[in-house]
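So that you can see what the record holds, here are the features copied from TrEMBL:
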| type | residues | note |
| --- | --- | --- |
| TRANSMEM | 12-33 | transmembrane segment |
| TRANSMEM | 45-66 | transmembrane segment |
| TRANSMEM | 86-107 | transmembrane segment |
| TRANSMEM | 216-237 | transmembrane segment |
| TRANSMEM | 243-266 | transmembrane segment |
| TRANSMEM | 278-297 | transmembrane segment |
| TRANSMEM | 309-331 | transmembrane segment |
| TRANSMEM | 343-362 | transmembrane segment |
Amino acid sequence: MDVLISKILTAIVLFLLTIICSFIPYFMVLRGSRSIVSARQRDGVIAYLNCLAGGVFLGTLLMHILTEGSEQFDKYKETVELNTEYPLFNLFVAGGFFMVALVELFVHAQLHHHQPRTYDNCDDSHTVVHGTVGEVVHPSSQDLMTQSERLMGGSYGAIGATENGHKNASVTQSQVGIVGYQASAGQKSETVEILPRPPSPAHHEIQGHHPAGVRAFLLLVALSFHTIFDGLAVGLQDNTSEVWSVFAAITVHKSIIAFCLGLELFQSNMEKPWKAAAWLTFFGLMSPLGIGIGVGLTSGQIDHSAELLASSVLQGIAGGTFLYVTFLEILCMHIGHHSTGNFFYVFFALVGFVIMASTRLLDHDHDHDN
């Protein structure tokens, strides 16, 4: 079989495989489970899958991106005879980390600037006063805290209820660390005070709907860079057996990454899944793009040192993105002093890391054979 035909076939297979694996979370978890299991069970499954995805992204960072990028930069230093022990590649990683931090800070600032601080005539199913005038219903602490968190997005405030049964909520931030609830009906007036609690992971997702979309988009960009280089490895091969060998080595971890990315994108676009589908289609095209670039490099006269430098810089920036999103956006929701301390969260994250560490063995065996 001709080498070019082999590369075209691998590009088509990688695209289809990426689309199939990335759409599995939508049909199996986010959509199909709605009519089978309760919302609480579905949220639990998604939390475990998030931890699995966090472990996969951690493994991708430590076992693939940082390792491959560092090796390419070492080759670049040898090519241009750059003799320095200064960890320049780590600067690229740090640059990617702080770039993502600044982008997310800007997004949060814009959302906070355009978000109103007062909520009037809030429609909610939890009516605090109903029936005849003078009948007061005492809400449970759970309902009260949920209502306050929904209105304030994690801050603490006071909710007032009028006697006609419709809440006219004026929410103000509290500096004393308690939530005050006052329901007045006729001459009766009672106040219930409860202590604050840290936001749960589920609440974090509700509060951070737009930031979660930014997180998923940043993951998409970082993974797209990484996937281009995977395709580039296929496109640079000069015989048929090597093309299919490299293809087999990257197929496993590409499928796992596509599944985890699909989970993140569909979660952040639950109301508009077509957006996630469009981004995943874009992601699926990255491997064929990398293969095409590799074909162009093998048939053209491209400076090898410039290729190594560009590859290592982009890998470093992608590594910094993974570093930020994996620890500060995904794993911190379920693992850490703010989490519920569920052992299985850590276990699923460990499983995800072990999976990616195992795929690295396949890549290492392939490099050793070469």
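Glycine is treated like the rest: Cβ placed from N, Cα and C.
Between the transmembrane segment (216-237) and the listed ranges 45-66, 243-266, 278-297, 343-362, the one holding the most Cβ pairs under 8 Å is 278-297.
Counting Cβ pairs under 8 Å to the transmembrane segment (309-331), the stretch among 45-66, 86-107, 243-266 with the most such contacts is 86-107.
The stretch from 45-66, 86-107, 343-362 that makes the most Cβ contacts under 8 Å with the transmembrane segment (243-266) is 45-66. For the transmembrane segment (343-362), same-chain residues at least 6 beyond its ends with a Cβ under 8 Å from one of its own Cβ atoms are 47-49, 51-60, 62-64, 67, 248-249, 252-253, 256, 260, 331, 334-335.
Away from its own ends, the transmembrane segment (45-66) comes close to residues 25, 29-30, 33, 37, 93, 201-202, 219, 226, 253, 256-257, 260, 263-264, 267, 315, 318-319, 322-323, 325-326, 330-331, 333-335, 344-346, 348-357, 359-360, 363 of its chain (Cβ-Cβ under 8 Å, at least six residues beyond either end).
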